[in-house]
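Read the structure below first, then the notes.
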Amino acid sequence: MPVKSDRWIRRMALEHGMIEPFVDHQVRKGVISYGLTSYGYDMRVTNHFKVFTNVYNALVDPKKFDPRSFVDIEADYVDIPPNSFALAQSLEYFRIPRTVSCIVIGKSSYARCGIIINVTPLEPEWEGHVTIEISNTTPLPARIYAHEGIGQVLFLESDEPCEVSYADKKGKYQGQTGIVLPRIDP
């Protein structure tokens, strides 16, 4: 599965709407970088965040997740409490081709400050805004900036189409917009 280049990413974004909105160069001055890179795309985070809090002394259970465990924040930045996390969404909407799977890795500017992101793979024919988990591994509050880079998407193309894509199996996060909490199929 070779990683795809900037030329391929640009063509797929402009001709097939793979990334919208699409920035065809890397923006770096005065911000956490975002936009097209040599072999990836640095996606941005919106100004909508859900910051984890344990106000109700809830158990964190992915099968019975209590949405009251989060505080909704809309701002130009968010400060994540020490040893806690927040959920956010990508500014970009992605449409992944059937022969492609994507891995998202964190930005070094954040990682060097103890801020780690986690995103599950973007599967073939998945589309939507990416829900991003942002962990503050430090004993101090950590700041995340809206409308700036949060993670790099790497596009890996297979030599043949998959038998069953995310769209084929009607994945539970297909077409998601906003910050989507855990879902369990009934």
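Each Cβ is built from the backbone N, Cα and C atoms, and glycine gets one as well.
Per Swiss-Prot, the feature dCTP binding site maps to K107, S108, S109, Y110, A111, R112, Q152, Y166, Q176; the stated evidence is sequence analysis. Marked as active site, proton donor/acceptor by Swiss-Prot on the basis of sequence analysis: E133.
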Among S109, Q176, the one of these binding-site residues whose Cβ has the fewest neighbouring Cβ atoms within 10 Å: S109
Recorded positions (K107, A111, E133), the one with most neighbouring Cβ atoms at 10 Å: K107
C-beta crowding around Q152 (dCTP binding site), within 10 angstroms: 20
Cα-Cα distance, maximum over K107, S108, S109, Y110, A111, R112, Q152, Y166, Q176, record's dCTP binders, Å: 34
Euclidean distance between Cα atoms of K107 (dCTP binding site) and the residue listed as 'active site, proton donor/acceptor', Å: 13
Where S109 (dCTP binding site) falls in three-state DSSP terms: helix
